[in-house]
Amino acid sequence: MRIHYLLFAVLFLFLMPVPGEGGIINTIQRYFCRVRGGRCAALTCLPRETQIGRCSVKGRKCCRTRK
């Protein structure tokens, strides 16, 4: 029965995100950006766009054209 605790701890360590890289979080944020009709911009939004959110932990912006 103790082996289950060890396996759980090892599995937990492998699933923890590396600091600075939120793999699962970034994927979810990109998905919701696209659902809201936006796109992920690396640095800034284009002049005819407005920022509606973020696409990653590192600062990519979710931009959508102004209505």
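The backbone N, Cα and C atoms fix where each Cβ goes, glycine too.
The disulfide partner of Cys33, as annotated in Swiss-Prot and taken from the candidates Cys45, Cys62, is Cys62. Between Cys45 and the candidates Cys55, Cys63, Swiss-Prot records the disulphide pairing with Cys63. Least crowded of the disulfide-bonded residues (Cys33, Cys40, Cys55, Cys62), judged by neighbouring Cβ atoms within 10 Å of its own Cβ: Cys40.
For Cys33 (disulfide bond) paired with Cys63 (disulfide bond), the C-alpha to C-alpha distance reads 8 Å.
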